[in-house]
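What TrEMBL says about this one:
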- 1-21: region 'Disordered' (REGION)
- 9-21: compositional bias 'Basic and acidic residues' (COMPBIAS)
- 25-73: coiled coil (COILED)
- 184-323: domain 'AAA+ ATPase' (DOMAIN)
- Gly195, Thr196, Gly197, Lys198, Thr199, Met200, His334: ATP binding site (BINDING)
Amino acid sequence: MSHSPSLPDRPRLELDPEMSETERLEAIRQHYRRILQVNDELEDRLDDAQDRRGELKSDVDGLKRENEVLKTTSLYIASVEEITDDGVVIKQHGNNQEVLTQASTTLESDLRPGDRVANNDSFAVQQVLDDETDSRAQAMEVTESPDVTYDDIGGIDDQIREVREAVEDPLEDPEQFEAVGVDPPSGVLLHGPPGTGKTMLAKAVANESDATFIKMAGSELVRKFIGEGARLVRDLFELAGEREPAVIFIDEIDAVAAKRTDSKTSGDAEVQRTMMQLLSEMDGFDDRGEVRIMAATNRFDMLDEAILRPGRFDRLIEVPEPNAEGRARILEIHTQDMNVAEGTDVSEVAADLEGYSGADIASLATEAGMFAIRDGRTEVTQADFEQAREKLQDAEKTEEQVINYQY
Ligand SMILES: Nc1ncnc2c1ncn2[C@@H]1O[C@H](COP(=O)(O)OP(=O)(O)OP(=O)(O)O)[C@@H](O)[C@H]1O
(Lines of atoms letter the chains of each structure in order from A; the text may use other names.)
(Lines give C-alpha, C1' and ligand atoms only; values in the text may rest on other atoms or scores of the structure.)
Protein backbone atom coordinates (compact mmCIF):
# COMPACT_ATOMS: atom_id res chain seq x y z
CA MET A 1 0.00 0.00 0.00
CA SER A 2 1.40 3.41 -0.93
CA HIS A 3 1.22 6.30 1.48
CA SER A 4 2.65 9.17 -0.56
CA PRO A 5 2.51 12.17 1.70
CA SER A 6 1.27 14.68 -0.85
CA LEU A 7 -1.95 14.67 -2.80
CA PRO A 8 -1.85 15.00 -6.60
CA ASP A 9 -1.83 18.60 -7.76
CA ARG A 10 -5.12 20.15 -8.61
CA PRO A 11 -5.29 20.31 -12.45
CA ARG A 12 -5.36 23.81 -13.85
CA LEU A 13 -6.97 24.93 -17.05
CA GLU A 14 -4.85 27.43 -18.87
CA LEU A 15 -6.43 29.06 -21.85
CA ASP A 16 -4.44 31.40 -24.02
CA PRO A 17 -6.53 34.17 -25.64
CA GLU A 18 -4.44 33.59 -28.76
CA MET A 19 -5.73 30.01 -29.07
CA SER A 20 -8.06 29.05 -31.83
CA GLU A 21 -11.48 27.66 -31.03
CA THR A 22 -10.31 24.10 -31.80
CA GLU A 23 -7.21 24.49 -29.66
CA ARG A 24 -9.31 25.75 -26.73
CA LEU A 25 -11.72 22.88 -27.13
CA GLU A 26 -8.80 20.42 -27.09
CA ALA A 27 -7.30 22.11 -24.01
CA ILE A 28 -10.64 21.83 -22.19
CA ARG A 29 -10.93 18.15 -23.19
CA GLN A 30 -7.43 17.49 -21.88
CA HIS A 31 -8.24 19.29 -18.67
CA TYR A 32 -11.36 17.19 -18.28
CA ARG A 33 -9.38 13.94 -18.79
CA ARG A 34 -6.82 15.08 -16.27
CA ILE A 35 -9.57 15.81 -13.70
CA LEU A 36 -10.99 12.31 -14.20
CA GLN A 37 -7.53 10.82 -13.73
CA VAL A 38 -6.91 12.77 -10.51
CA ASN A 39 -10.33 11.76 -9.31
CA ASP A 40 -9.47 8.09 -9.88
CA GLU A 41 -6.19 8.55 -8.09
CA LEU A 42 -7.91 10.16 -5.12
CA GLU A 43 -10.50 7.38 -4.99
CA ASP A 44 -7.71 4.80 -4.88
CA ARG A 45 -6.09 6.71 -2.07
CA LEU A 46 -9.37 6.86 -0.20
CA ASP A 47 -9.79 3.08 -0.57
CA ASP A 48 -6.28 2.54 0.76
CA ALA A 49 -6.91 4.85 3.67
CA GLN A 50 -10.14 3.08 4.48
CA ASP A 51 -8.40 -0.32 4.40
CA ARG A 52 -5.74 1.05 6.67
CA ARG A 53 -8.35 2.46 9.00
CA GLY A 54 -10.00 -0.97 9.19
CA GLU A 55 -6.68 -2.58 10.06
CA LEU A 56 -5.93 -0.03 12.74
CA LYS A 57 -9.40 -0.43 14.17
CA SER A 58 -8.97 -4.16 14.54
CA ASP A 59 -5.59 -3.54 16.20
CA VAL A 60 -7.30 -1.18 18.61
CA ASP A 61 -10.05 -3.71 19.31
CA GLY A 62 -7.44 -6.39 19.98
CA LEU A 63 -5.57 -4.14 22.36
CA LYS A 64 -8.79 -3.17 24.09
CA ARG A 65 -9.63 -6.83 24.63
CA GLU A 66 -6.16 -7.50 25.95
CA ASN A 67 -6.49 -4.56 28.26
CA GLU A 68 -9.80 -5.94 29.53
CA VAL A 69 -8.19 -9.31 30.18
CA LEU A 70 -5.31 -7.65 31.99
CA LYS A 71 -7.75 -5.68 34.03
CA THR A 72 -9.87 -8.68 34.93
CA THR A 73 -7.33 -11.43 35.62
CA SER A 74 -5.71 -11.76 39.00
CA LEU A 75 -8.22 -9.74 40.86
CA TYR A 76 -8.09 -9.74 44.62
CA ILE A 77 -11.03 -10.82 46.69
CA ALA A 78 -12.39 -8.68 49.48
CA SER A 79 -15.53 -8.24 51.51
CA VAL A 80 -17.41 -4.98 51.67
CA GLU A 81 -17.49 -3.68 55.22
CA GLU A 82 -19.13 -0.30 54.88
CA ILE A 83 -20.33 2.10 52.23
CA THR A 84 -19.53 5.64 53.32
CA ASP A 85 -19.75 9.07 51.74
CA ASP A 86 -16.01 8.90 51.18
CA GLY A 87 -16.07 5.59 49.35
CA VAL A 88 -16.30 1.88 50.06
CA VAL A 89 -14.45 0.22 52.94
CA ILE A 90 -13.32 -3.28 51.94
CA LYS A 91 -11.37 -5.91 53.81
CA GLN A 92 -8.96 -7.96 51.70
CA HIS A 93 -9.20 -11.71 52.10
CA GLY A 94 -5.90 -13.33 52.88
CA ASN A 95 -4.25 -10.45 54.72
CA ASN A 96 -7.32 -8.84 56.31
CA GLN A 97 -6.12 -5.42 55.31
CA GLU A 98 -8.83 -2.75 55.37
CA VAL A 99 -8.90 -0.30 52.51
CA LEU A 100 -11.02 2.72 51.67
CA THR A 101 -11.61 2.59 47.95
CA GLN A 102 -13.96 3.52 45.16
CA ALA A 103 -16.36 1.68 42.93
CA SER A 104 -18.01 3.01 39.81
CA THR A 105 -21.34 4.68 40.51
CA THR A 106 -23.29 1.87 38.86
CA LEU A 107 -21.51 -0.76 40.94
CA GLU A 108 -21.67 1.26 44.12
CA SER A 109 -25.44 1.48 44.06
CA ASP A 110 -25.56 -2.35 44.06
CA LEU A 111 -23.08 -2.84 46.88
CA ARG A 112 -24.15 -3.96 50.33
CA PRO A 113 -22.01 -4.58 53.40
CA GLY A 114 -21.00 -8.27 53.44
CA ASP A 115 -20.84 -8.57 49.63
CA ARG A 116 -17.84 -10.31 48.16
CA VAL A 117 -16.11 -8.20 45.57
CA ALA A 118 -13.09 -8.45 43.31
CA ASN A 119 -10.71 -5.54 43.21
CA ASN A 120 -7.66 -4.75 41.12
CA ASP A 121 -4.14 -3.82 42.18
CA SER A 122 -5.17 -0.30 42.99
CA PHE A 123 -8.05 -1.66 45.10
CA ALA A 124 -10.76 -0.26 42.84
CA VAL A 125 -13.78 -2.55 42.97
CA GLN A 126 -14.22 -4.25 39.59
CA GLN A 127 -17.08 -6.64 40.13
CA VAL A 128 -19.46 -8.03 42.70
CA LEU A 129 -19.18 -11.78 43.11
CA ASP A 130 -21.90 -14.33 43.59
CA ASP A 131 -23.19 -15.09 46.98
CA GLU A 132 -20.53 -16.60 49.20
CA THR A 133 -22.70 -19.51 50.18
CA ASP A 134 -22.63 -20.57 46.53
CA SER A 135 -18.88 -20.85 46.44
CA ARG A 136 -18.89 -22.61 49.79
CA ALA A 137 -21.46 -25.06 48.53
CA GLN A 138 -19.58 -25.64 45.31
CA ALA A 139 -16.27 -26.27 46.97
CA MET A 140 -17.45 -28.38 49.86
CA GLU A 141 -19.41 -31.57 50.02
CA VAL A 142 -21.39 -31.71 53.23
CA THR A 143 -23.14 -34.94 54.23
CA GLU A 144 -25.12 -35.04 57.45
CA SER A 145 -24.71 -38.75 57.68
CA PRO A 146 -22.78 -40.66 55.02
CA ASP A 147 -24.05 -44.17 54.39
CA VAL A 148 -20.69 -45.97 54.35
CA THR A 149 -20.01 -48.35 57.22
CA TYR A 150 -16.83 -50.14 58.32
CA ASP A 151 -18.35 -53.36 56.98
CA ASP A 152 -18.33 -51.90 53.49
CA ILE A 153 -14.56 -51.61 53.54
CA GLY A 154 -12.43 -54.67 52.87
CA GLY A 155 -8.80 -55.54 53.42
CA ILE A 156 -7.76 -52.63 55.61
CA ASP A 157 -8.87 -53.72 59.07
CA ASP A 158 -5.74 -52.40 60.79
CA GLN A 159 -6.25 -49.02 59.22
CA ILE A 160 -9.90 -49.00 60.29
CA ARG A 161 -8.80 -49.72 63.85
CA GLU A 162 -6.27 -46.89 63.80
CA VAL A 163 -8.74 -44.42 62.36
CA ARG A 164 -11.32 -45.36 64.96
CA GLU A 165 -8.80 -44.73 67.71
CA ALA A 166 -7.67 -41.40 66.32
CA VAL A 167 -11.01 -40.02 65.16
CA GLU A 168 -13.97 -41.88 66.57
CA ASP A 169 -12.80 -42.30 70.16
CA PRO A 170 -11.99 -38.61 70.76
CA LEU A 171 -15.35 -37.65 69.23
CA GLU A 172 -17.35 -40.13 71.25
CA ASP A 173 -15.48 -40.06 74.50
CA PRO A 174 -13.47 -36.86 74.87
CA GLU A 175 -13.59 -37.15 78.68
CA GLN A 176 -11.52 -40.31 78.51
CA PHE A 177 -8.67 -38.41 76.87
CA GLU A 178 -9.02 -35.62 79.38
CA ALA A 179 -9.03 -38.04 82.30
CA VAL A 180 -5.89 -39.74 81.09
CA GLY A 181 -4.34 -36.40 80.20
CA VAL A 182 -3.29 -37.11 76.64
CA ASP A 183 -4.15 -35.18 73.53
CA PRO A 184 -5.65 -37.20 70.73
CA PRO A 185 -3.82 -36.87 67.43
CA SER A 186 -4.64 -33.53 65.80
CA GLY A 187 -5.02 -34.62 62.25
CA VAL A 188 -5.05 -37.97 60.53
CA LEU A 189 -3.39 -38.30 57.16
CA LEU A 190 -4.32 -41.27 55.00
CA HIS A 191 -1.83 -41.96 52.28
CA GLY A 192 -1.55 -44.62 49.61
CA PRO A 193 -2.36 -45.38 45.99
CA PRO A 194 -5.61 -44.20 44.39
CA GLY A 195 -8.83 -46.11 44.92
CA THR A 196 -7.80 -48.01 48.05
CA GLY A 197 -10.64 -46.75 50.23
CA LYS A 198 -9.29 -43.59 51.87
CA THR A 199 -12.41 -41.55 51.20
CA MET A 200 -14.60 -44.47 52.27
CA LEU A 201 -12.70 -44.72 55.51
CA ALA A 202 -13.24 -41.03 56.29
CA LYS A 203 -16.93 -41.30 55.43
CA ALA A 204 -17.37 -44.43 57.50
CA VAL A 205 -15.76 -42.95 60.58
CA ALA A 206 -18.00 -39.85 60.27
CA ASN A 207 -21.03 -42.08 59.90
CA GLU A 208 -20.20 -44.38 62.77
CA SER A 209 -19.51 -41.47 65.11
CA ASP A 210 -22.67 -39.62 64.04
CA ALA A 211 -20.66 -36.71 62.76
CA THR A 212 -21.27 -34.45 59.80
CA PHE A 213 -18.87 -35.24 56.98
CA ILE A 214 -17.39 -32.19 55.29
CA LYS A 215 -15.21 -32.92 52.32
CA MET A 216 -13.13 -30.47 50.38
CA ALA A 217 -10.83 -31.33 47.50
CA GLY A 218 -7.38 -29.75 47.72
CA SER A 219 -7.70 -28.82 44.07
CA GLU A 220 -10.72 -26.68 44.99
CA LEU A 221 -8.60 -24.79 47.46
CA VAL A 222 -6.21 -23.77 44.76
CA ARG A 223 -8.57 -21.29 43.26
CA LYS A 224 -8.34 -18.64 40.68
CA PHE A 225 -8.87 -15.63 42.88
CA ILE A 226 -6.22 -14.37 45.20
CA GLY A 227 -7.32 -14.81 48.78
CA GLU A 228 -10.04 -17.30 47.86
CA GLY A 229 -8.19 -20.45 48.98
CA ALA A 230 -7.33 -19.04 52.38
CA ARG A 231 -10.87 -17.84 52.75
CA LEU A 232 -12.27 -21.28 51.89
CA VAL A 233 -10.02 -22.87 54.51
CA ARG A 234 -11.43 -20.44 57.09
CA ASP A 235 -14.95 -21.21 55.90
CA LEU A 236 -14.27 -24.92 56.11
CA PHE A 237 -13.27 -24.77 59.76
CA GLU A 238 -16.04 -22.31 60.56
CA LEU A 239 -18.64 -24.56 58.97
CA ALA A 240 -17.28 -27.58 60.85
CA GLY A 241 -17.59 -25.57 64.09
CA GLU A 242 -21.23 -24.83 63.26
CA ARG A 243 -22.01 -28.44 62.46
CA GLU A 244 -20.11 -30.28 65.19
CA PRO A 245 -19.60 -33.09 65.76
CA ALA A 246 -17.95 -33.06 62.36
CA VAL A 247 -15.20 -34.73 60.38
CA ILE A 248 -13.32 -32.48 57.98
CA PHE A 249 -11.81 -34.42 55.09
CA ILE A 250 -9.38 -32.71 52.73
CA ASP A 251 -8.80 -34.93 49.73
CA GLU A 252 -5.71 -34.46 47.50
CA ILE A 253 -4.04 -32.39 50.20
CA ASP A 254 -0.86 -32.41 48.10
CA ALA A 255 -2.49 -29.73 45.91
CA VAL A 256 -2.08 -27.22 48.72
CA ALA A 257 0.74 -28.75 50.72
CA ALA A 258 3.39 -29.78 48.25
CA LYS A 259 7.08 -29.25 48.96
CA ARG A 260 8.25 -26.06 47.33
CA THR A 261 10.88 -27.85 45.25
CA ASP A 262 8.57 -30.55 43.92
CA SER A 263 5.50 -28.52 43.32
CA LYS A 264 4.55 -27.57 39.82
CA THR A 265 3.14 -24.48 41.38
CA SER A 266 6.12 -23.96 43.66
CA GLY A 267 6.35 -20.30 42.82
CA ASP A 268 2.73 -19.82 43.55
CA ALA A 269 2.48 -17.57 46.55
CA GLU A 270 -1.25 -18.07 46.58
CA VAL A 271 -0.93 -21.82 47.20
CA GLN A 272 1.55 -21.06 49.98
CA ARG A 273 -0.90 -18.64 51.55
CA THR A 274 -3.63 -21.23 51.47
CA MET A 275 -1.35 -23.76 53.14
CA MET A 276 -0.35 -21.22 55.80
CA GLN A 277 -4.00 -20.60 56.52
CA LEU A 278 -4.58 -24.33 56.86
CA LEU A 279 -1.66 -24.64 59.25
CA SER A 280 -2.80 -21.72 61.32
CA GLU A 281 -6.34 -23.11 61.55
CA MET A 282 -4.92 -26.43 62.73
CA ASP A 283 -2.57 -24.77 65.20
CA GLY A 284 -5.37 -22.77 66.72
CA PHE A 285 -7.54 -25.81 67.04
CA ASP A 286 -8.68 -27.37 70.26
CA ASP A 287 -7.73 -31.03 69.96
CA ARG A 288 -10.48 -32.19 72.20
CA GLY A 289 -13.15 -30.36 70.26
CA GLU A 290 -15.94 -32.03 68.45
CA VAL A 291 -14.29 -31.56 65.11
CA ARG A 292 -11.74 -34.01 63.76
CA ILE A 293 -9.53 -33.39 60.78
CA MET A 294 -8.57 -35.95 58.16
CA ALA A 295 -6.77 -35.63 54.87
CA ALA A 296 -5.72 -37.96 52.08
CA THR A 297 -3.02 -38.04 49.45
CA ASN A 298 -1.70 -40.36 46.75
CA ARG A 299 1.55 -38.39 46.74
CA PHE A 300 2.94 -38.65 50.26
CA ASP A 301 6.47 -38.07 48.96
CA MET A 302 5.45 -34.65 47.69
CA LEU A 303 4.20 -33.27 50.98
CA ASP A 304 5.79 -30.36 52.74
CA GLU A 305 7.15 -31.49 56.13
CA ALA A 306 5.50 -28.48 57.75
CA ILE A 307 2.10 -30.11 57.62
CA LEU A 308 3.34 -33.28 59.32
CA ARG A 309 4.64 -31.57 62.48
CA PRO A 310 3.15 -32.44 65.86
CA GLY A 311 -0.17 -30.73 66.35
CA ARG A 312 -0.91 -30.91 62.66
CA PHE A 313 -1.22 -34.11 60.61
CA ASP A 314 0.60 -36.10 63.23
CA ARG A 315 -1.07 -39.49 62.72
CA LEU A 316 -0.04 -41.04 59.44
CA ILE A 317 -1.91 -44.07 58.25
CA GLU A 318 -0.84 -45.87 55.14
CA VAL A 319 -3.63 -47.41 53.10
CA PRO A 320 -1.86 -49.84 50.77
CA GLU A 321 -3.05 -51.79 47.78
CA PRO A 322 -4.95 -54.83 49.07
CA ASN A 323 -3.25 -58.25 49.32
CA ALA A 324 -4.94 -61.45 48.05
CA GLU A 325 -6.99 -61.84 51.20
CA GLY A 326 -8.01 -58.18 51.11
CA ARG A 327 -8.93 -58.42 47.44
CA ALA A 328 -11.14 -61.45 48.14
CA ARG A 329 -12.90 -59.57 50.95
CA ILE A 330 -13.43 -56.50 48.73
CA LEU A 331 -14.78 -58.68 45.92
CA GLU A 332 -17.08 -60.36 48.39
CA ILE A 333 -18.37 -56.97 49.53
CA HIS A 334 -18.98 -55.82 45.99
CA THR A 335 -20.72 -59.04 44.97
CA GLN A 336 -22.85 -59.54 48.05
CA ASP A 337 -25.91 -58.01 46.39
CA MET A 338 -25.20 -59.72 43.09
CA ASN A 339 -26.74 -62.94 41.96
CA VAL A 340 -23.53 -64.95 41.75
CA ALA A 341 -23.81 -68.51 40.38
CA GLU A 342 -23.27 -71.25 42.91
CA GLY A 343 -19.81 -72.72 42.84
CA THR A 344 -18.15 -69.42 41.93
CA ASP A 345 -14.98 -69.08 43.93
CA VAL A 346 -14.49 -65.41 44.69
CA SER A 347 -11.09 -65.92 46.30
CA GLU A 348 -9.88 -67.74 43.23
CA VAL A 349 -10.92 -64.77 41.12
CA ALA A 350 -9.28 -62.41 43.60
CA ALA A 351 -6.03 -64.34 43.56
CA ASP A 352 -5.59 -63.34 39.94
CA LEU A 353 -6.13 -59.66 40.64
CA GLU A 354 -2.62 -58.78 41.76
CA GLY A 355 -2.14 -55.00 41.67
CA TYR A 356 -5.87 -54.25 41.65
CA SER A 357 -7.10 -51.50 43.96
CA GLY A 358 -10.46 -51.58 45.73
CA ALA A 359 -11.86 -49.24 43.08
CA ASP A 360 -10.61 -51.59 40.32
CA ILE A 361 -12.28 -54.53 42.01
CA ALA A 362 -15.54 -52.59 42.31
CA SER A 363 -15.52 -51.93 38.56
CA LEU A 364 -14.59 -55.56 37.85
CA ALA A 365 -17.70 -56.72 39.72
CA THR A 366 -19.92 -54.30 37.79
CA GLU A 367 -18.32 -55.34 34.52
CA ALA A 368 -18.90 -59.05 35.27
CA GLY A 369 -22.55 -58.26 35.93
CA MET A 370 -22.72 -56.49 32.55
CA PHE A 371 -21.45 -59.62 30.78
CA ALA A 372 -24.26 -61.67 32.31
CA ILE A 373 -26.82 -59.01 31.32
CA ARG A 374 -25.55 -58.85 27.74
CA ASP A 375 -25.90 -62.62 27.62
CA GLY A 376 -29.48 -62.45 28.86
CA ARG A 377 -28.61 -64.32 32.08
CA THR A 378 -29.55 -63.37 35.63
CA GLU A 379 -26.65 -65.22 37.25
CA VAL A 380 -23.07 -64.05 37.20
CA THR A 381 -20.57 -66.85 36.66
CA GLN A 382 -16.86 -67.26 37.26
CA ALA A 383 -16.36 -66.96 33.48
CA ASP A 384 -17.99 -63.52 33.58
CA PHE A 385 -15.42 -62.38 36.14
CA GLU A 386 -12.70 -63.82 33.95
CA GLN A 387 -13.97 -61.94 30.91
CA ALA A 388 -14.37 -58.75 32.91
CA ARG A 389 -10.76 -59.05 34.03
CA GLU A 390 -9.56 -59.42 30.47
CA LYS A 391 -11.62 -56.47 29.37
CA LEU A 392 -10.26 -54.24 32.14
CA GLN A 393 -6.74 -55.38 31.37
CA ASP A 394 -7.19 -54.50 27.70
CA ALA A 395 -8.60 -51.12 28.66
CA GLU A 396 -5.62 -50.53 30.90
CA LYS A 397 -3.24 -51.48 28.10
CA THR A 398 -4.91 -49.05 25.75
CA GLU A 399 -4.71 -46.38 28.41
CA GLU A 400 -1.00 -47.07 28.83
CA GLN A 401 -0.52 -46.85 25.11
CA VAL A 402 -2.33 -43.55 25.02
CA ILE A 403 -0.18 -42.27 27.87
CA ASN A 404 3.01 -43.47 26.20
CA TYR A 405 1.89 -41.89 23.00
CA GLN A 406 1.23 -38.60 24.74
CA TYR A 407 4.65 -38.40 26.36
N1 LIG B 1 -10.99 -51.22 50.66
C2 LIG B 1 -12.10 -51.13 49.92
N3 LIG B 1 -13.17 -51.90 50.18
C4 LIG B 1 -14.28 -51.83 49.41
N5 LIG B 1 -14.42 -51.02 48.36
C6 LIG B 1 -13.40 -50.22 48.04
C7 LIG B 1 -12.20 -50.24 48.80
N8 LIG B 1 -11.35 -49.34 48.26
C9 LIG B 1 -11.99 -48.79 47.23
N10 LIG B 1 -13.22 -49.31 47.08
C11 LIG B 1 -14.19 -48.96 46.02
O12 LIG B 1 -13.62 -47.92 45.25
C13 LIG B 1 -14.34 -46.70 45.32
C14 LIG B 1 -13.38 -45.56 45.48
O15 LIG B 1 -12.73 -45.64 46.73
P16 LIG B 1 -12.24 -44.35 47.53
O17 LIG B 1 -12.82 -43.12 46.90
O18 LIG B 1 -12.49 -44.54 48.96
O19 LIG B 1 -10.72 -44.42 47.23
P20 LIG B 1 -9.59 -43.37 47.59
O21 LIG B 1 -8.49 -44.15 48.21
O22 LIG B 1 -10.15 -42.25 48.36
O23 LIG B 1 -9.17 -42.94 46.14
P24 LIG B 1 -8.51 -41.59 45.63
O25 LIG B 1 -7.16 -41.55 46.22
O26 LIG B 1 -8.51 -41.82 44.14
O27 LIG B 1 -9.42 -40.48 46.08
C28 LIG B 1 -15.26 -46.87 46.52
O29 LIG B 1 -16.46 -46.16 46.33
C30 LIG B 1 -15.47 -48.38 46.57
O31 LIG B 1 -16.51 -48.74 45.67
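A Cβ is built for glycine as well, from the same backbone N, Cα and C atoms used for every other residue.
If you average pLDDT over the domain 'AAA+ ATPase' (184-323) in this model, you get 85.
The most densely surrounded of the binding-site residues Lys198, His334, judged by C-beta neighbours within 10 angstroms, is Lys198. His334 (ATP binding site) falls within a helix when secondary structure is assigned with DSSP. Remote same-chain partners of the compositional bias 'Basic and acidic residues' (9-21), defined as residues 6 or more beyond its termini with a Cβ less than 8 Å from a stretch Cβ, comprise 27-28, 31, 34-35, 38. A 10 Å cutoff on Cβ-Cβ distances gives Thr196 (ATP binding site) a total of 28 other Cβ atoms nearby, all chains included. Gly197 (ATP binding site): 27 other CB atoms within 10 A of its CB, across all protein chains.
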